[in-house]
Amino acid sequence: ATYKVKLVTPDGPVEFDCPDDVYILDQAEEEGHELPYSCRAGSCSSCAGKVSAGTVDQSDGNFLDDDQMADGFVLTCVAYPQSDVIIETHKEEELTG
């Protein structure tokens, strides 16, 4: 399946289609959007965002704890869309606070 991903960035929102077997960060880059990242392995917080609508599968990541995920935080480098989804990007500072 392919879902609509909307990223709300500091420069404004961007939308693109993302297959459910492609990481959101990877697809965003394919579409020409630059997002923050570092490890690309779900082991840090550089790419953190916050899901405001929809669901993702980020089971490949290991940095976020259950509480953070329950609060909506997502690591875009290891997140597959599970529905149409809206994610606020550039949330590392809010996450690590």
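Heads up, the Cβ atoms here are built off N, Cα and C, so glycines get one too.
What you see is a predicted model, and the numbers here were worked out from it, not measured in a lab.
Per Swiss-Prot, the feature [2Fe-2S] cluster binding site maps to Cys39, Cys44, Cys47, Cys77. Listed in sequence order, Ser46, Cys77 are the same-chain residues six or more apart from Cys39 ([2Fe-2S] cluster binding site) with CB atoms under 8 A from its CB.
Feature annotation from Swiss-Prot assigns domain '2Fe-2S ferredoxin-type' to 3-93; the stated evidence is sequence analysis.
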Would you please pick out, from the binding-site residues Cys44, Cys77, the one with the fewest other Cβ atoms within 10 Å of its Cβ?
Cys44
Can you tell me how the residues of the domain '2Fe-2S ferredoxin-type' (3-93) break down into helix, strand and coil by DSSP?
17 helix, 32 strand, 42 coil
Validating a neighbour-count step here. Other CB atoms within 10 A of the CB of Cys47 ([2Fe-2S] cluster binding site): how many?
28
